[in-house]
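K.L.:
Encoded as structure tokens, here's the structure I'll be asking about.
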Amino acid sequence: MTKDVEVQGEYSAKDYQDPPPAPLFDLEELTKWSLYRAIIAEFIATLLFLYITILTIIGYNSQTDKNKGGTECDGVGLLGIAWSFGGMIFILVYCTAGISGGHINPAVTFGLFVGRKVSLIRAFLYIVAQSAGAISGAGLAKGFQRSYFERYGGGANFVQPGYNKGTALGAEIIGTFVLVYTVFSATDPKRNARDSHVPVLAPLPIGFAVFMVHLATIPVTGTGINPARSFGSAVIYNKEKIWDDHWIFWVGPLIGAFVAAVYHQYILRAAAIKALGSFRSNN
């Protein structure tokens, strides 16, 4: 029996191997159609994400407009807005995960780059595509509902009344940490190998993370945690107050993503210790 356990333990140890880290520069990627297909997928996914979520925000603000006889009880409410963001992320990550990885967020892309999951070239092109998609999605929303878009703020992020920029920055850092930490955990190949008997649909916890963070931070910043989402709205709405606060929605998410990547990869998964041990054994 002991021998059987030893054999089983040996098999389990060999059953999983850490995938090699992505190269910093991979010029060969530029010659592959799979990269450009992924970039198109990120662009379209971010466009759809902005279009649906901005129209949800505008619709809610219109339905609760007291000048039109609305009340706080009308419309989908903050809960519905949070579901809109979380649900769209669930749908779009599910649709694009097999093509681009389903990032749809420069902070997620940056976190995965820090964790050596994507190359610098792919990360840069993804962020460009996400930003362009966000601008296009916000522009599409304005095109369909121009008067409502201008009247109800265009779904743009800014520091809400009663909060200062320090509080808003902290909310964006922590909120993005929750999201990116969830992304790393839900897509961890070791978890998939070890718990293969437990079917985990990765987009589901990622969508729920977005939903929960929105519940907590909509009253503070309107919830960014996605620089492309904030950037697209800011470009199309284009008001001074929005641009004054806009740096928060890049700096906060990028810090949160960086901390989440370091925490998961180098503390929980002990990547630095494994690399050191491999280096010593090779010597």
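Each residue, glycine too, has its Cβ placed from N, Cα and C.
According to TrEMBL, the protein carries these features:
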type	residues	note
TRANSMEM	35-58	transmembrane segment
TRANSMEM	78-100	transmembrane segment
TRANSMEM	120-141	transmembrane segment
TRANSMEM	200-220	transmembrane segment
TRANSMEM	247-268	transmembrane segment
K.L.:
So which of 35-58, 120-141, 247-268 is most in touch with the transmembrane segment (78-100), counting Cβ pairs under 8 Å?
P.N.:
35-58
K.L.:
Where among 120-141, 200-220, 247-268 do we find the most Cβ pairs under 8 Å to the transmembrane segment (35-58)?
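P.N.:
Looking only at 120-141, 200-220, 247-268, the most contacts with the transmembrane segment (35-58) come from 120-141.
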K.L.:
Give residue numbers and ranges for long-range contacts of the transmembrane segment (200-220): same chain, 6 or more residues beyond its ends, CB-CB under 8 A.
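P.N.:
Same-chain contacts beyond the ends: 78-79, 81-83, 85-87, 89-91, 93-94, 97, 102, 159-160, 163, 167-168, 171-172, 175, 178-179, 182-183, 185-187, 191-192.
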